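Just below is one structure, and these are the notes that go with it.
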Amino acid sequence: MEWPSSYLDEYEKLIMRLSPPSVRKHGTLLEAIQILTDLDLTIKKAYISSDGQWFMAVFHVTDLDGNKLTDKRVINYIEQGLTTLELTGTDRVGLLTEVFEVLSDLQVNVVESKVWTHNGRIASLVYVKDCDSGFPIQDEVKIDMIETQLRNVLKGDTDIRSVKTLVSLKVTHTERRLHQMMFADRDYEQKPIIRTNWDSPIVLIQNCLERGYSGINVYCEDRARLLFDVVCTLTDMDYVVFHATLKTKGDRAHMEFFVRHKNGLPISSQAEKQFVSVCLHAAIERRAFEGVRLELCAEDRPGLLAKVMRTFREYSLNVVRAEISTTCDIARNSFYVTDAVGNAADTKMIESVRQKIGLSNLRVKELPSIYHYKVERKDDPPLVGHS
């Protein structure tokens, strides 16, 4: 396959930006993948090598629709000048409704937010500003009030684990921080409570004694940001990736990493192997969801988000992931929903919700595979054989 010369020029510039020689340091690979993730690029293949003091990475990328790149993409960072709310706790149906209602009642405007749920736990980063002034919230009394009320909502009646809230003006990379919050909350220790058709990843770890590396092979369903999620977790666990490959075939992905801990040692015990395995499982599964994806596009106004979430709760829809943004006074939000126990949401219920919110404002963008199961999938050759 030949690439347009204009694309190759931009591609070569990107590679030079991502992999200048003799700059290897802990986290370099994650920084490279983070750039591609922020550009909404899908990595189809990757070849990574790092030894001595140099680092080289080659990525074959497309846009989210699988098309070759034809124009420059702009990295969309969170706008400076917002107050950041970090929330973790026990997930339950209607929790997000209560969170956004509290913020609305306190005259707090939600500008950006991402919400993840996994194994019964929830982590959310919410970027807000004061409704009246339009500026970051710095009043200590109001901040204390926000934290207190959100902590009460997150705690509920049954949360025996720690609930965490944090208010700051620090700018952070949202998705990496969500991984860190989930990891600190030990979501990997919990049993799944939401049913899913997602195939559980296969993680195999072996030591390469002659090279002093540990080899990690991961086989799973392919999806956007998969490589970022895995490398993010390895980096935050203080493992250095020296060599790696990623290959995709159909909807399957195979990733191979050769790693050492920051202390220079490979993974040394069975207990450590098990810990790495469960953490990588969790990193992959946090975004591995096949629910109905609903997209809201409407003129932003005070209380809009709380009203939408309240409607979801009235129709017993559970939001398991959300991406919320506001640009030029237009709200563009994505919600991934199931029924109350994690099954596929009823299509008639979805249509009722759309009718109430507005058919032109709320659209169905993605359906779970249960609605359009592909028979030919049964005959597809697997990417990895099973003994």
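Keep in mind that glycine also has a Cβ here, set from the backbone N, Cα and C atoms.
TrEMBL labels come from automatic prediction, so no person has curated them.
What TrEMBL records for this protein:
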DOMAIN    84-165  domain 'ACT'
DOMAIN    293-372  domain 'ACT'
Could you count the residues of the domain 'ACT' (84-165) that DSSP puts in helix, in strand and in coil? 27 helix, 30 strand, 25 coil
DSSP-wise, what's the residue breakdown of the domain 'ACT' (293-372) into helix, strand and coil? 25 helix, 31 strand, 24 coil
